[in-house]
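Features reported for this protein in TrEMBL:
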- B:25-135: domain 'PurM-like N-terminal' (DOMAIN)
- B:ASP27, B:ASP72, B:ASP211: Mg(2+) 3 binding site (BINDING)
- B:ASP27, B:ASP72: Mg(2+) 4 binding site (BINDING)
- B:ASP44, B:ASP119: Mg(2+) 1 binding site (BINDING)
- B:ASP44, B:ASP72: Mg(2+) 2 binding site (BINDING)
- B:HIS51, B:ASP262, B:TRP318: substrate binding site (BINDING)
- B:GLY118, B:ASP119, B:ARG143, B:SER213: ATP binding site (BINDING)
- B:147-304: domain 'PurM-like C-terminal' (DOMAIN)
- B:ASP214: Mg(2+) 5 binding site (BINDING)
There are 2 protein chains.
Amino acid sequence: MEFDLIELIRRHTAQARDDVRVGIGDDAAVLAVPPGKELAVAIDTLVEGVHFPLGTAPANLGWKALAVNLSDLAAMGASPAWALLALTLPGADAAFVEGFAEGFAQLARPHRLALVGGDTTRGPLTISVAAHGFVPPGQALTRAGARVGDAVLVTGTLGDAAAGLHAVQQLPREDDGRAGLRGFLIERLNRPTPRLATGIALRGQATACVDVSDGLLADLGHICTASGVAAEIEAAWLPRSSALLELYDETTALHFALSGGDDYELCFTVPASRVAELQAGLARLGCGATKIGRIVEGEGVRVRAADGAWLATDRPGWEHFA
Amino acid sequence: MEFDLIELIRRHTAQARDDVRVGIGDDAAVLAVPPGKELAVAIDTLVEGVHFPLGTAPANLGWKALAVNLSDLAAMGASPAWALLALTLPGADAAFVEGFAEGFAQLARPHRLALVGGDTTRGPLTISVAAHGFVPPGQALTRAGARVGDAVLVTGTLGDAAAGLHAVQQLPREDDGRAGLRGFLIERLNRPTPRLATGIALRGQATACVDVSDGLLADLGHICTASGVAAEIEAAWLPRSSALLELYDETTALHFALSGGDDYELCFTVPASRVAELQAGLARLGCGATKIGRIVEGEGVRVRAADGAWLATDRPGWEHFA
């Protein structure tokens, strides 16, 4: 049965790539990294009941399991090429696997990403994907280069996925005319968009970059720790969707934007003098970036409310095992 | 906490490698494949209660999770370089992680393999490792090249791991003077030796190669399917350890050798004229190989008993979801 499941996935995800010498179906894949490129590699796991609610549609899981890894590649400024899939399932559920593969392929196809290998095992529903991409030598974005005086920017909007998870967990309700707004937030939770074009455009521009998977405070905190600096964020500057602002009060919306995970936007730092030009360039790529604060001396992330007071932000986002 | 666990693992598994540009601690690792090499990549998952018994020592899990992937690289003729680890744990158990990391490192160190990234998540105990290695262009061993007339060989001995699992699952018993034999078999189950030097030596020699993870019949069957041939095995030629033969009757020992999984030996095919010379070379590497049969026209794997009769072997080894 294992072979059949992998074959089902292969049929959905086949991509003709010259750099795949041996693909799915042998003991290992054999791949050719282009001359003059370095390889960026990330692995991330989704566990049922921890990273997604029971009952999440298989196609959404297929999309998201790939998206969270492509988001890691985006944060490094890498362009995606190949992925491996380790899929643990309670049983040999062909309908599940078919849906999963289709969702995976919907995200893989436009990026010409090829699934080159995998393993299916029996057990509690758990999905690990390892994604591989290319980056020119020495041009990978890391968390370690932020400097005092840099501006802090973030792509897209923050807090939507946390609100989407909240919406999913509510009881079904009478039609209140807000289903469209909730649908938007749930889509942001289930089908995050890895900011790959943005990450590539940030090569040579951003001094540090991270993707927002555990919440802005936690992830920007990683940049501060790795760079030996602190960050000051202006709450009023945080980009938030109209759906988030219409459905939730300000306190909740701010909490989701600062501490909610799963947005998979990029948070990055750039020299203050280059912000305007960079923003114009990123907007032309289809996903703008908003300035939300600055890098200062010290350590940690501080948030200033609209009235100028510093917020108590001692809950540093959602941490595994917290 | 996640960061602390990964940091604990990093401390145990740090390896100075010039080709690791960015290691553990960023969104992705950045790696440099040597010029003129192709990349071999495999991923395999171990699930508690499915791939190892409850109560298996963490250090054994760390070793085995890496070993099963290095075995895949060995089957391709690749030399190992880097690994990623996705570790799902019921809780933040530092003692478990420390033991796991030490077992992982015991196998990684002699191969100079560096752990370059990972993800720790909360959930049922599940371990996925993605291993990366190098192989000269076009020299990867695959399952697809076996030709009629080739000899079939296997490294080491078969059936030990299945017997080891049987021994682990027995009730504790009075000292019968056989604990050493059982200990050998259990060690073979818990600490398999990936045949990396053998795999490298088989480049340009073997026409097809696979590692024995699901049992000889199943894995040799993969070679037959991929190559469009059949195989005939002589039961009397199967290499079996003295521990297996002393503790189990002939029928059981033969069943373990043919259908037991988890041995992680290499099964490969070579032109019959080159068997003797190749065997002499492999023996000098420290792990000999035994001729167990031949490739013939047709499909599937047949086994001839010592009396010349064909055995009924309709159970093609342990298959996932079977």
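Positions of Cβ are set from backbone N, Cα and C atoms, glycine also.
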Cα-nearest neighbour of B:ASP72 (Mg(2+) 3 binding site) within the listed binding-site residues, B:HIS51, B:ASP119, B:ASP214: B:ASP214
Sequence-distant neighbours of B:ASP44 (Mg(2+) 1 binding site) in its chain (C-beta under 8 A, six or more apart): B:ALA65, B:VAL68, B:ASN69, B:ASP72, B:SER128, B:VAL129
Entry from the binding-site residues list B:HIS51, B:ARG143 having the most other CB atoms no farther than 10 A: B:ARG143
Local Cβ density at B:ASP214 (Mg(2+) 5 binding site) - other Cβ atoms counted within 10 Å: 23
Sparsest-packed of the listed binding-site residues (B:ASP72, B:ASP119, B:ASP211) - C-beta count within 10 angstroms: B:ASP119
In three-state DSSP terms, the structure that the residue listed as 'Mg(2+) 5 binding site' belongs to: coil
DSSP residue counts for the domain 'PurM-like N-terminal' (B:25-135), split into helix, strand and coil: 37 helix, 45 strand, 29 coil
Alpha-carbon distance [B:ASP262 (substrate binding site); B:SER213 (ATP binding site)] in Å: 5
Nearest recorded site to B:GLY118 (ATP binding site) by CA-CA distance, among binding-site residues B:ASP27, B:HIS51, B:ASP211, B:ASP214: B:ASP27
Among B:ASP27, B:ASP262, which are binding-site residues, the residue with the most C-beta atoms within 10 angstroms of its C-beta: B:ASP27
Distance in Å spanning the most remote Cα pair of B:GLY118, B:ASP119, B:ARG143, B:SER213, given for ATP: 31
Length of the line joining the Cα atoms of B:ASP262 (substrate binding site) and the residue listed as 'Mg(2+) 5 binding site', in Å: 6
Rounded distance in angstrom between the Cα atoms of B:ASP27 (Mg(2+) 3 binding site) and B:ASP119 (Mg(2+) 1 binding site): 10
Residue among binding-site residues B:ASP119, B:ARG143, B:ASP211, B:ASP214 with Cα closest to the Cα of B:HIS51 (substrate binding site): B:ASP214
